[in-house]
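If you look up TrEMBL, you'll see 21-39, 78-97, 118-142, 192-209, 247-271, 291-311 marked as transmembrane segment. For 112-321, the entry in TrEMBL reads domain 'TLC'.
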Amino acid sequence: MAFRRRNKSYPFFSQEFLIQNHADIVFSLVIFVLIGLMFETTAKTAILFIQPQYNISTMSADGEVTLYHYGWKDCATVLFYLCITIILHAVVQEYVLDKVNRRLHLSKSKNTKFNESGQLCVFYLVSSLWSLYVIATEGYILHPSSLWENYPHVHLRFQVKFFYLTQLAYWFHTLPELYFQKVRKEEIPRQLQYVSLYLLHILAAYLLNLTRVGLVLLFLQYLSEMGFHLSRLFHFVDENQHKMFEMWSVGFVLTRMITLTLMFLAVGFGLARSENQMLDLETGNFNTLSIRLLVLFVVCFTQSWLLWKFFRFQLSRTRELRLEQAARKRAAAKQQMQRTLKRDSVGHHENGLIKAENGTSPRLKKIKAP
């Protein structure tokens, strides 16, 4: 399968060849792993990449239930779904975003931002719907106290563990995409910044067995970010569209407040009341005062930093709008003055008579008597 039109051929294994054909190469690797399922000798190794590992069966009121916990073999699963994400990234780019770009005729800088917002908007939409489904089916909405009760939450259902593995796969896939998409050097630090923050928080929730509260926080974050990128996409289509940005601004601040409130409620108060507050790596218990303070500090610092960037941008934007309005008023006043001077320069009135440019009255044409 070919994802991009080949206008020019490059030597094998050259830099341009890898960039142009990276989706096809990764697709071949995925097919190679899937073929491994067909043979008994390689099936166990292939399943290691495709299926989440570390499953145990327990009895419950509904019968036998299969639960999962994390381990080093999860790295192989994340690597496989990282390849899947690269393929899906190329599909969305080739069959959706590129076709829209050809109709909009955007500049190069706007084209880059449009592609970034388009990719992230698709991911945020799918992830927010998926996380909402998991939150509803796990019962976190009807029983909010389950976010911190019975900690540590070592054993996870399949849908919870698979959600976290795919989230890690997506954010890790953005690192090679910086090379494949030929991102400008000026944009790389900004993208590495928010990718690192996502990986830090998702890994912390997964490894510290805070998957329940982490799932709710990811849903809130993805919903807010989806609003921003949707607003930016509509802005590229219609530059006079600003109402969606105003709605997103309100939602952004509310998301920060809800996130901080939920973290203090779950970690600061819920886990602090737990009886078992001893560090135990075997049972996965990280409920100690130092770890709770560290988690709260990281989350509060991140949310405060996001709010600071948001308010600084809003203030700078307001200042720019005021300067633009003042410049428009000066330009309008100058244009009005030029029109007045131009009208007065044609002639002027004196004693009720129109004087010509040289100040003399126009000579009247004598009418001959018949």
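Glycine is no exception: its Cβ is also placed from the backbone N, Cα and C atoms.
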**Complete:** Same-chain residues at least 6 beyond the ends of the transmembrane segment (118-142) with CB under 8 Å of its CB atoms are 89, 92-93, 96-97, 100, 157, 159-160, 163, 167, 170, 212, 215-216, 218-219, 222-223, 225-226, 229-230, 233
**Request:** Please check if the transmembrane segment (78-97) comes into contact with the transmembrane segment (192-209), where contact means 3 or more CB pairs closer than 8 Å and the residues in each pair are separated by 6 or more positions.
**Result:** no
**Message:** Across the domain 'TLC' (112-321), what does the mean pLDDT come to, as a whole number?
**Reply:** 91
